[in-house]
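Visitor: My questions will all concern the structure given below.
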């Protein structure tokens, strides 16, 4: 490790954080001293404990890993452990999942720098990528910000706009945000340390909050506009997936297109199968008709509607959501 490298502790949990952590680990300008991440969680059919993606990566590099359940309650022991790592220049935070107390915010020499997946002050909070898609936004971005005690309200060092394409879903937008966020943080940290990059306070106008996704939001309400339902499907694809019920069983809808924005006359109630062909299943909504293209039946793999129809008993007039 270079004697001029910047020492970093990393706070992060999901794949987005793992991607950026990997960039830091492979860059000689940074010395990653430790990882603070969320605890392993039960997942899959066997309900076996699964480590966060960042933990898997850090383990490969032999980096000290800390997984406090409640950060504030376990703060004294964590601070004692971090003290053994030596002087810290930066803490980098990427979708960690817990609020950092002031004792941690003041620990690094140059402070705690957050890679946030939106153009602040729009979409402060836990789910900025999903909320941007659900709202039908045409653009989002990445913000490199100084963390303060408030929720994503600190001054911003750098930002970059990212267009949201009509065909984007969570995964495709997530991947572009990861690339941009990784590049920005690699560029920003040395510039901050050298005093060449200065932060700008966030404006008080245009503040919105990206609240954590709730389980009930995964359920498709066919009374909503077709465009809103499509945005929900895009925002939750590939996981956890927006779903409806068909004959009492869950059916995730992974891809859909708008057939009509406004409903034609004499269309049946919302959630009704209007017609279907070999490539699409057309369902009436509160306003408009949605063409479903890809689904995942409960307990099965994702599949095209063509494959689904060939093995399902469907008829025109059938109602989804029951």
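All residue numbers here begin at 1 and follow the chain in the order shown.
Glycine is treated like the rest: Cβ placed from N, Cα and C.
Below are the features listed in TrEMBL for this protein:
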- 6-25: transmembrane segment (TRANSMEM)
- 8-188: domain 'Formyl transferase N-terminal' (DOMAIN)
- 118, 119, 120, 121: (6S)-5,6,7,8-tetrahydrofolate binding site (BINDING)
- 213-312: domain 'Formyl transferase C-terminal' (DOMAIN)
Visitor: Look at each of the binding-site residues, 119, 120, and point out the one with the fewest other Cβ atoms around it within 10 Å.
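Guide: Least crowded of the binding-site residues 119, 120, by Cβ count within 10 Å, is 119.
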Visitor: Are there any residues in the same chain, six or more apart in sequence, whose C-beta is under 8 angstroms from the C-beta of residue 121 ((6S)-5,6,7,8-tetrahydrofolate binding site), and if so which?
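Guide: Those within reach of residue 121 ((6S)-5,6,7,8-tetrahydrofolate binding site), by Cβ under 8 Å and sequence separation of 6 or more, are 152, 153, 202, 203, 204, 205, 206, 207, 208.
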Visitor: Would you mind checking how many other C-beta atoms are within 10 angstroms of the C-beta on residue 118 ((6S)-5,6,7,8-tetrahydrofolate binding site)?
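Guide: Counting Cβ neighbours of residue 118 ((6S)-5,6,7,8-tetrahydrofolate binding site) within 10 Å gives 25.
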Visitor: If you take the centroid of the Cβ atoms of 118, 119, 120, 121, the listed (6S)-5,6,7,8-tetrahydrofolate site, which other residues of that chain have their Cβ within 8 Å of it?
Guide: 116, 122, 123, 124, 128, 141, 143, 152, 156, 159, 202
Visitor: On the 0 to 100 scale, where does the mean pLDDT of the domain 'Formyl transferase N-terminal' (8-188) fall?
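Guide: The answer is 96, the mean pLDDT of the model over that range.
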Visitor: Reported in the order helix, strand, coil, what are the DSSP residue counts of the domain 'Formyl transferase C-terminal' (213-312)?
Guide: 21 helix, 40 strand, 39 coil
